[in-house]
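Taken verbatim from TrEMBL:
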{"type": "DOMAIN", "residues": "40-289", "note": "domain 'G-protein coupled receptors family 1 profile'"}
{"type": "TRANSMEM", "residues": "24-47", "note": "transmembrane segment"}
{"type": "TRANSMEM", "residues": "59-81", "note": "transmembrane segment"}
{"type": "TRANSMEM", "residues": "101-119", "note": "transmembrane segment"}
{"type": "TRANSMEM", "residues": "139-163", "note": "transmembrane segment"}
{"type": "TRANSMEM", "residues": "198-220", "note": "transmembrane segment"}
{"type": "TRANSMEM", "residues": "241-260", "note": "transmembrane segment"}
{"type": "TRANSMEM", "residues": "272-291", "note": "transmembrane segment"}
């Protein structure tokens, strides 16, 4: 049957094979990025868990984000590293489907989690007197769980839909992982309606949380502008700056990648953009949050002192 033929397909991921002379340099670069990403986000997780001062809703969401970034990077980079060392760059049908599922799962979860973090900042600045009553432990858990459940449903729907389509002809994926558009290019026949469904679904998943973030920040900026002292305005805005930077980096590339027609699709440009949001954004997040956040820097200093000067 067609289904059995399709499931027997073995895909070949081109990755960076067009530059064999750069394999060693790419391997060292990606290995360093992966190690720094995992260590950076693990440090954020440890610092927040070890310091009672940071046991607040904002940092609860940040621990979720840091854990998410470790998972997100681990979906693509380890396999890229293996392919750079080996001449075999093939991946099974099931392996490709699993990689796409987990990549979409963590990506969609991050969209929702960033919206939850924006809502948290909105309450902290616009309703400071009621903040701790509204953002209690139960509500934080519900918002985080909803983000993960939503991410799972989105990934399951997209992956099931794409990998139920018939594949024929070329089995070469011109990318460094099983991304939606390069895989969709291998589907038999006209994929216009498939593309349209995916774009609409991606628009809903990406733009709905983004709209919530925009509304939250419109209200936040409105409240900040009402603060009379310049110092007060700066202090209020500084609590949002890290989150706003992460949102800009993540959504800037995600919107460009997913919400556009196939006619404007460029494999080379998309490889670079995919590298940016799947590899560089996770490495930048802990740096952004630790450099711009006085409380995190203070907790890092305390943890360093405990580890290296336990008697002081």
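The first residue you see is number 1, and the count goes up from there.
Note that Cβ sites are derived from N, Cα and C of the backbone, with glycine treated the same way.
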Range from 59-81, 101-119, 139-163, 272-291 with most C-beta pairs under 8 A to the transmembrane segment (198-220): 101-119
Touch test for the transmembrane segment (24-47) and the transmembrane segment (139-163), at least 3 Cβ pairs under 8 Å: no
Remote residues contacting the transmembrane segment (101-119) - C-beta distance under 8 A, at least 6 residues beyond either end: 58, 61-62, 64-65, 68, 71-72, 75-76, 143-144, 146-148, 150-152, 154-156, 158-159, 177-180, 205-206, 208-210, 212-213, 216-217, 243, 246-247, 250-251, 254, 278
Other parts of the chain folded back onto the transmembrane segment (139-163), taken as Cβ under 8 Å at six or more residues beyond its ends: 57, 60-61, 64, 93, 96-97, 100-113, 115-116, 119-120, 180, 183-184, 187, 194, 197-198, 201, 205
PLDDT averaged over the residues of the domain 'G-protein coupled receptors family 1 profile' (40-289): 85
